[in-house]
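Novice: Structure below; questions to follow.
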Amino acid sequence: MAAPCPEDPSLERHFKGHRDAVTCVDFSLNTKQLASGSMDSCLMVWHMKPQSRAYRFAGHKDAVTCVNFSPSGHLLASGSRDKTVRIWIPNVKGESTVFRAHTATVRSVHFCSDGQSFVTASDDKTVKVWSTHRQKFLFSLSQHINWVRCARFSPDGRLIVSASDDKTVKLWDKTSRECVHSYCEHGGFVTSVDFHPSGTCIAAAGMDNTVKVWDVRTHRLLQHYQLHSAAVNALSFHPSGNYLLTASSDSTLKILDLMEGRLLYTLHGHQGPATTVAFSRTGEYFASGGSDEQVMVWKSNFDVVDYGEVIKVHRPPAPLATSSGNLPEVDFPVPPGRGRSQESVQSQPQEPISVPQTLTSTLEHIVGQLDVLTQTVSILEQRLTLTEDKLKQCLETQQLIMQRMPP
């Protein structure tokens, strides 16, 4: 039976609250929260439920450059130009733990799929791996010779991929801490990189206006896209693995059909450079941010799947495809009930593997509570240390007063 014809993406809502360019966005596991960071040094957590107030987290001393929810959605990591990483509990209190080891701007933060560790990339030319619950720096990967813009774990957590201003993309083995391969095909700074959901491919975006897709097993270049007219700042894979979303300084977002190796949509919404994009965990929505200080939420529509199920079947992208030239564009916002686009491509039916919902929910709840408990203990330890320091200062002051008093 043929899959139903897909619809055009639609702009669902936009959030205003940042006071400078938006640099990063990420959805929580259940898509109930959307986090964004900005050059205004603040982290915002928006609620997808209408009429709900957003949380504004202030703690970083400079621009927030990256955000990422933990796999459970109970923790939120952020990196900043102040050289620190913070792990927040995304509730109304907005308490956080600070991680320090980088010596320059932190450009990227990403949790491993088990939530036990996270990886960061920095202008100090290093990639660093940290323990989430032990709250400590573990080790560095140090072969890049310029700023590192992005680093991501593979879906199975065994590999790390990094992108740098040295024009290379490097693939690392987490266990041996060795660089497995360097991809040198980009003609400029590499701004963003991510793993395909299958873990067999990576996609990277660059200041040379291109997007490239490689096979991590053979290291062969599979696809090359030159569709944007300015730097490509960010990219995100759809969870099905069939589509790739990009954001560019040419102010557009583009959706690429990886199975066909061609452009599916060009979306116009931001005034000025589009700086960041991210699909939700189910792919039902995607978010974008720009230098216009706005966060936009779009409904995908183009991939017809049962969003209540976990997508388990991933197909690798089509063989080498090079795309450029004049392709149809879709202007936004889109009015309700707009007709189907001729550029749409029918999605392939998936074969989801179901897991008992009660078991999944219970396990997610336990993991989430452990995350929150760990962070709460850390925050209490920090407060205890501060109290001890203040007590020491009081005792030292008292001793000085006693010494100065006449006998």
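Glycine residues also receive a Cβ, built from the backbone N, Cα and C atoms like all the rest.
Pasting the relevant annotations from TrEMBL:
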- 342-354: compositional bias 'Low complexity' (COMPBIAS)
- 318-354: region 'Disordered' (REGION)
- 15-56: repeat 'WD' (REPEAT)
- 57-88: repeat 'WD' (REPEAT)
- 99-140: repeat 'WD' (REPEAT)
- 141-182: repeat 'WD' (REPEAT)
- 183-224: repeat 'WD' (REPEAT)
- 225-266: repeat 'WD' (REPEAT)
- 267-299: repeat 'WD' (REPEAT)
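Could you place these features in context, so I can see how deep they sit and what lies close by?
Specialist: Residues 62-69, 71-73, 76, 78, 80, 88, 90-92, 94, 275-282, 284-285, 287-297, 364 of the same chain sit 6 or more residues outside the repeat 'WD' (15-56) yet have a Cβ under 8 Å from a Cβ within it.
Residue counts for the repeat 'WD' (57-88) under DSSP, split into helix (H, G, I), strand (E, B) and coil, are 0 helix, 18 strand, 14 coil.
Across the repeat 'WD' (99-140), DSSP classifies residues as 0 helix, 24 strand, 18 coil.
Under DSSP, the residues of the repeat 'WD' (141-182) split into helix, strand and coil as follows: 0 helix, 22 strand, 20 coil.
Model confidence over the repeat 'WD' (183-224) is summarised by a mean pLDDT of 96.
The repeat 'WD' (225-266): residue composition by secondary structure is 0 helix, 24 strand, 18 coil, according to DSSP.
Counting residues 6+ beyond its ends, the repeat 'WD' (267-299) has Cβ neighbours under 8 Å at 9-16, 18-31, 34, 36, 38, 44, 46, 48, 230, 233-240, 245-255, 305, 307, 311, 329-333 in the same chain.
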Novice: Any residues 6+ beyond the ends of the repeat 'WD' (99-140) with a Cβ under 8 Å from its own?
Specialist: 65-72, 75, 77-81, 83-87, 146-153, 155-157, 160, 162-164, 172, 174, 177, 367, 370-371, 374, 378
Novice: DSSP helix, strand and coil counts for the repeat 'WD' (15-56)?
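Specialist: Each residue of the repeat 'WD' (15-56) counted once, the result is 0 helix, 22 strand, 20 coil.
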